[in-house]
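K.L.:
Look at TrEMBL and you will find 1-17, 35-49 tagged as compositional bias 'Acidic residues'. Annotation source TrEMBL lists region 'Disordered' at 1-56, 532-558. Per TrEMBL, the feature domain 'RING-type' maps to 135-348, 139-183. Per TrEMBL, domain 'RanBP2-type' is recorded for 564-592.
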Amino acid sequence: MDSEDDMHDANDVESLDDGFYSGENEDAPLGFYSDYDDDADDYFDDADDSDRTESHRMEQNFTILKESDVRQRQEDDICRVSTVLSISRVASSILLRHYNWSVSKVHDAWFADEDRVRKAVGLLDKPVVQFPNASELTCGICFETHPRSWIASAACGHPYCITCWAGYFSTSINDGPGCLMLRCPDPACGAVVGQDMINTLAPDEDKEKYSRYLLRSYIEDNKKTKWCPAPGCEYAVNFDAGSGSYDVSCLCSYSFCWNCTEEAHRPVDCGTVSKWILKNTAESENMNWILANSKPCPKCKRPIEKNQGCMHMTCTPPCKFEFCWLCLGAWTDHGERTGGFYACNRYETAKQEGVYDEAERRREMAKNSLERYTHYYERWASNQSSRQKALADLQQMQTVHIEKLSDKQCQPESQLKFITEAWLQIVECRRVLKWTYAYGYYLPEQEKAKKQFFEYLQGEAESGLERLHQCAEKELQQFLNADGPSKEFNDFRTKLAGLTSVTKNYFENLVRALENGLSDVDSHGAAACSKTTSSKNVGGSSKGRGIRGKGTTRTSGGSSRITDDNYWSCEHCTYANARSATTCQMCQHQRQ
């Protein structure tokens, strides 16, 4: 935790102006701002990347579709194919389903070989069976004779009574979406059954199910569309691949990854998410816990956890074997000659002889692995819990507190959007921070420079987010509890809006850096990343943290520092560059 000298003081925010955001206000009294500006933003080079950041924000390569939108798009595609190919809407629908609702594929295949397409989907030009000129016909399923008006057939002409058709439809529709490509009941016939027959002969309940299957197939069979995976959500997403990220934000407020349909997980990739989720649910961690915290009974081999202080263990029934926890020998063999019943020295003797070396090594490895996993998982889960709480607070803020604050501060709700924006940013940052722990868990231990720099960036992100969260959660409370308008509210607005902006920029840059695998940090950058310093000025109003190379010196007017005979350290981001380089490999600043 930072001391109170470093916390934001609402009364000091008056000095925060536009100059700060352009980097001109070097004496900003807010410790948080100077943290970000002094080093983390130096690394990320916000000033030079502002245009790229802005364009990144504006990119939205997906469209959210309501059910009415899906139906309209489906109808448009059916009509387009029907018009171009001069076929019925039912036939057009059958073709589109066969080609996964791709209009271009239907057109290409049809004009390339119409006969082959008709045969593949079961669209017949003429019936293969002709009805005799009789008033009654025999059903091909129940073999009963029915009036001609009770007989129906698909394009093939095979006659079946309407009762058998209805039963055939009900069975097929209840079996699932496979009913969308229903064929004639005759096993040797491949004629397709269209929706027009189902609407005419099927019960109302079955017709409704078929209609739902048809609608869902437009999304599920189309490679460019998916349903939102949030429970109970009925929105669909149309995604334009090839630009931007895979993150999708649905109108239901759920964000997910288009590629793997797990929750949005930038900056980690889908493979890492899959491994992390599997690890959280797999039996491997149970086995690690068993290895680290238990020993097998020498007789029945079941794992035993020591739950009392003494070394005299008794296995559970039906085994009931009594043994020593230290050496796993029978308790009957213990006594004064082994050092006493409760002070067995056989274990130490055997350990010196190497009897327990392998078992101890495995147990120690399992314990270390479990402790490392627990470290990352606890923080991953804590941020998830904080995010859920922030979502609940956001909901309460939008439904209750904004209106209350508007009345007390005599300001329209439109002027209080900065509070909602702050909470939305907190929710997003909690999500990003959560997944940085999965990123850290799978970061190779041997890449010490990257790991050290990653932990520094992660720590700065934690610190900045906590300041924003505290400001939005606790400092806002005094204005909600106030009896009337407060003079400090405008200062609070400036402070919270500034915190939101700076935190947003930092996290966006953090995500990009991690997605690039911190590729600019290598063994030569270890010196530049190895040492973190914190300093405060005399008044305690500002704080700067930086990554400083060991033994570096600052030049009076240049933009670089000399680290040793082979490298120079960039003044802007402190990266250690080869002496021959004229441009910083990290932030692309020119050496002067």
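Along the chain as shown, the residues are counted starting at 1.
Placement of Cβ uses the backbone N, Cα and C atoms for every residue, glycine included.
I'd like these features described in context: how deep, what's nearby, how far apart.
P.N.:
When pLDDT values are averaged over the domain 'RING-type' (139-183), the model yields 89.
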K.L.:
Within the same chain, where does the domain 'RING-type' (139-183) have neighbours whose Cβ lies under 8 angstroms from its own Cβ atoms, ignoring anything closer than 6 residues to its ends? I mean 6 or more beyond.
P.N.:
94, 97-98, 122-124, 127-131, 189-194, 197-198, 200-203, 206, 209-210, 213-214, 216-217, 220
K.L.:
On the DSSP side of things, how many residues of the domain 'RING-type' (139-183) fall into helix, strand and coil, could you say?
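P.N.:
The breakdown for the domain 'RING-type' (139-183) reads 21 helix, 8 strand, 16 coil.
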